[in-house]
Amino acid sequence: MAEPVTVSDNKHKSQVNSGASYSGNGRSSAAAAERSSGGSGSSSGAGAAGGGLSGGLTQPAGWQSLLSFTILFLAWLAGFSSRLFAVIRFESIIHEFDPWFNYRSTHYLSSNGFYEFLNWFDERAWYPLGRIVGGTVYPGLMVTAGLIHYVLNLLHITVHIRDVCVFLAPVFSGLTSISTFLLTRELWNQGAGLLAACFIAIVPGYISRSVAGSFDNEGIAIFALQFTFYLWVKSVKSGSVFWAIGCCLSYFYMVSAWGGYVFIINLIPLHVFVLLLMQRFSRRVYIAYSTFFIIGLVLSMQVPFVGFQPIRTSEHMAAAGVFVLLQVYAFLQYLKDRLTRQEFQTLFFLGVSLAAGVVFLSVIYLTYTGYIAPWSGRFYSLWDTAYAKIHIPIIASVSEHQPTTWVSFFFDLHILVCTFPAGLWFCIKNINDERVFVALYAISAVYFAGVMVRLMLTLTPVVCMLSAVAFSCVFEHYLGDDMKRQSPPAEDSSDEDDRKNAGNLYDKAGKVRKHVSEQEKAEEGLGPNVKSIVTMLMLMLLMMFAVHCTWVTSNAYSSPSVVLASYNHDGSRNILDDFREAYYWLRQNTEEHARVMSWWDYGYQIAGMANRTTLVDNNTWNNSHIALVGKAMSSNETAAYDIMRSLDVDYVLIIFGGVIGYSGDDINKFLWMVRIAEGEHPRDIRESDYFTPQGEFRVDKAGSPTLLNCLMYKMSYYRFGEMQLDFRTPPGFDRTRNAEIGNKDIKLKHLEEAFTSEHWLVRIYKVKKQENRDRVEHKLRSSNANKQKYTSKKTSKRKRGYIRNKLSLKKGKKLQKKFL
Amino acid sequence: MFRKLFICVFALVFFYYGPTDAQKKKETLLSEKVTQMMEWTSKRSVIRMNGDKFRRFVKAPPRNYSVVIMFTALQPQRQCGVCRQADEEFQVLANSWRYSSAFTNKVFFASVDFDEGSDVFQMLNMNSAPTFLHFPSKGKPRRSDTYELQVRGFAAEQLARWVADRTDVQIRVIRPPNYAGPLLLGFLLAVIGGLAYLRRNNLEFLFNKNCWAFSALCFVLIMTSGQMWNHIRGPPYAHKNPSTGQVSYIHGSSQAQFVAETHIVLLFNAAVTMGIVLLCEAATSDIDIGKRKIMCVAGMVLVMLFFSWLLSIFRAKYHGYPYSFLIN
């Protein structure tokens, strides 16, 4: 790399750029030149997989494109097949929770058509409220799957919609790796691009959201994200409206697919803003951003769920502010030609700071007057990390919203997490417009990933790209012979305007070449031995990475969580299919419009598999409704019965893991139910009541009496006290919490057990109807006693007679008569 | 002062004219007490009490107000760090109540310091501080009138909830906005701006890529080593086993981490990164060949050694992970 030269050159570049007029014709030739030189520079990078093939061939360009094509194809194939663990081990089944909803709505879309889907009111969710599905989902995923299904059927390839849904994410992972390749090629060179494509194909951080069966927004959204960024970089580099429009369309797809589009709409303005600060403003940036902002805004508002948010909420205001700033900046640049230097400088600083101030103040004013909604809680909690914990327990309760430990960084990224800072270093050292972008991308994504485990997903692509840059740098210098490297190594991937302006202003490129060739001579001394050792070790690291990825995918990310598996000592496998067993029971044995109450985690599964009405589900839009369910679960049976009656509950479904030691069951989630209920009903539910005086949460005899008598506890442990799992433990021993339960003699008054699955994992209770006449046992008994006192005198004769005859007394006939 | 005088005069007049039966006397005493309490509260929202005052205003019978008392030990020689934090929260709560629009004489906040009223501590059989007690307006304090400090913590919000529970007085906790953060930020910006202004003829350092690259790397390394987790969860620096006295720097489970551990990981990550950079520098820089070879070997060793070390730590934490490299 010819750093010293480019460092000094970059400073002049901005002025050169802003002065130079944009020429549409220059683009294609420049791109072509870049492609050829990029290819030759990266031959060593590609050689990482292909060896020294290209050395002795007459037409390296042809071989190179073949090689890149093959590598990309293999990356796609490897990515696809490593996501199939779950399908091979279990079956083609939709995983987890959210995918069940997506599957259900895709099914609805494919059987009823697009417009029906947009107007779909789902009366089976959030009873009695219902849910307007068409207006509250990002439809991109369903439309994509539905479209593929439609096209396949049009070609008379009959595929069930479920199979399309199951295999959608693995297929899209291949597209992601191709778009990553394209983006990295724009940023660095082709060799780095190929490495990046291979990395992202198998990296666990991305596989975690895109295994077969995980039919979720993220699976296609990462593709859209990378592709949008690629088109953005392309449009900044070329300054052409064509690429900018392409970027908008890709952005539109992203908006329709995932809420994470907010990341794009903030990152791109940030990029433009930083470019302005670095005095790298050019017409290319102006054209690209103005086009992107306007068209992107209009397109994003076409998605029903997004609607007017892009002009009404704070998350989108940065983009508008930067847009205004850019216009002012461009206008001042225009004035520059017409004014003297002194005048311009004062005007410039005045103008820019005035514009920034006006934008800022107007945003604040509009926020106060209510035209712009303030930051929504989910986004706000990213900045103020203590916010969610205090104010929104329902966000804090989700495990993927927890902060990230270093272990999970390493687990998801392995070697990449240590090497990608090196790539960032190289990018910043050889900065240009698009590398500013990738640096900002890396820094913002790494912050978000640190705050939330879930956002590791947005970090993963940039880590792959930057690590690929680092590895490709090493391979470029250590792979291959010293003698053969006559062609200049890659400074070619930098701005095209270097090239464009090279001819007419000063001969920069020539200087670079000279410098590099000087280096080449000095470099010959490093020796083949050292080089080959370094190469071997690097390849070994990559091999370990591949092995790690496969292991992680196979062990951590490939369980459908709808079907569980356990392994015996001899390695044979037990399938625990309790969930589906229970949902199928519900489907078959209950009335069609029966309402099932459960904690919100299982709402989508009940709707999807059992096809029954649920009260709350994973779309947690109504906190007070969830709190009501939480209150029912955490109050005692009588109070819970009132709530359940008011909600028309017919069945209650809970997950109980005490028999097999399943840790994700409802008792372990119980404290969150209490907390959420307490948030809405602080008078009735208090979290402290569920702890022992020492502040412990325990289910055994020492546990707090409120806990031992609440509905959730009773339902979980009903009849569990009679059950002895093995001879070493007492009856009623909970394997999940390793404790003997404290309340073994549980009697249910308003509920009755309807179904318990094979391993007790799912228990379903039926809520009894109210009796025709209330049995008021105590009063009756006391009045009886009184009556007896009086009546004994009245009927003393008869009584005397009976007393003598003991047999007739035993029958108790007389007593019965009295009761009636 | 005026009001007190007025009440005195009023009382005198009252005594002079009216019959001095017990009921009347009690009422007078009560109103006198309330007035006194109100006056103190208007001076400082948490009334400081000693043994005498405590007996007179809290223990003695005619009382129609609840008192929430914090028993504490704030003298520096007591070295009670928790007391000071709890005191701050209590002040926040008392101030929120004092300056709220719903302020009445139903509830008063007071504190008893051990060094001023140790007799009160003896009287109540209390041997730990801080303790929060509620003395209801009627009847004796019950079990739930003692605040469960261990369970609920001493955040003002929790205290407010407890007070609302005991007295039916809802207090909205209003924390005085913390100006320290913005002030510090402003100060920092001013310093930076001032430095930039002083060096306005020599702003080259802003164009120094090494500087920018270094800070970006620092940020990335801080984030990837889980410092954000530390910030949110606040783990201990390291764990000392009380029985053996052995200090462990690495947490045994993959779900948690110590601060020391994250620093180690940060260093290891930085070392691997530096190794890669060194490898590239060795191949491209134009210093003499001996130094370059040394750089190359150093880079290689850094990458290999620290990566395998990192892997071994990971393996120790993530049970069942099968792979290792160089170091077990």
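Cβ atoms are placed via backbone N, Cα and C, with glycine included.
Of the listed segments A:132-152, A:216-236, A:636-656, TrEMBL assigns transmembrane segment to A:132-152. Fewer than three CB pairs closer than 8 A are found between the transmembrane segment (A:164-184) and the transmembrane segment (A:317-335), and contact between the two stretches is not assigned (pairs 6 or more residues apart). The domain 'Oligosaccharyl transferase STT3 N-terminal' (A:67-466) scores a mean pLDDT of 89 in the predicted structure.
In this chain, the transmembrane segment (A:435-453) touches the transmembrane segment (A:406-428); three or more CB pairs sit within less than 8 A of each other, excluding pairs fewer than 6 residues apart. Among residues of the same chain six or more beyond the transmembrane segment (A:258-278), those with a C-beta under 8 A of the stretch's C-beta atoms are 14, 138, 140, 217-218, 220-221, 224-225, 228-229, 232, 236, 251, 285, 289, 292-293, 296, 300, 310, 315-316, 318-319, 321-323, 325-326, 329, 379, 433, 436-437, 440-441, 444-445, 448, 458.
Break the domain 'STT3/PglB/AglB core' (A:596-652) down by DSSP state and the numbers are 33 helix, 7 strand, 17 coil.
For the transmembrane segment (A:317-335), the most Cβ-contacting stretch among A:132-152, A:285-305, A:347-368, A:435-453 is A:347-368 (pairs under 8 Å). Counting residues 6+ beyond its ends, the transmembrane segment (A:285-305) has Cβ neighbours under 8 Å at 22, 118, 134-139, 232, 235-236, 239-241, 243-245, 247-249, 251-252, 255-256, 261, 265, 268-269, 272, 275, 311, 319-320, 322-323, 326-327, 330, 433 in the same chain.
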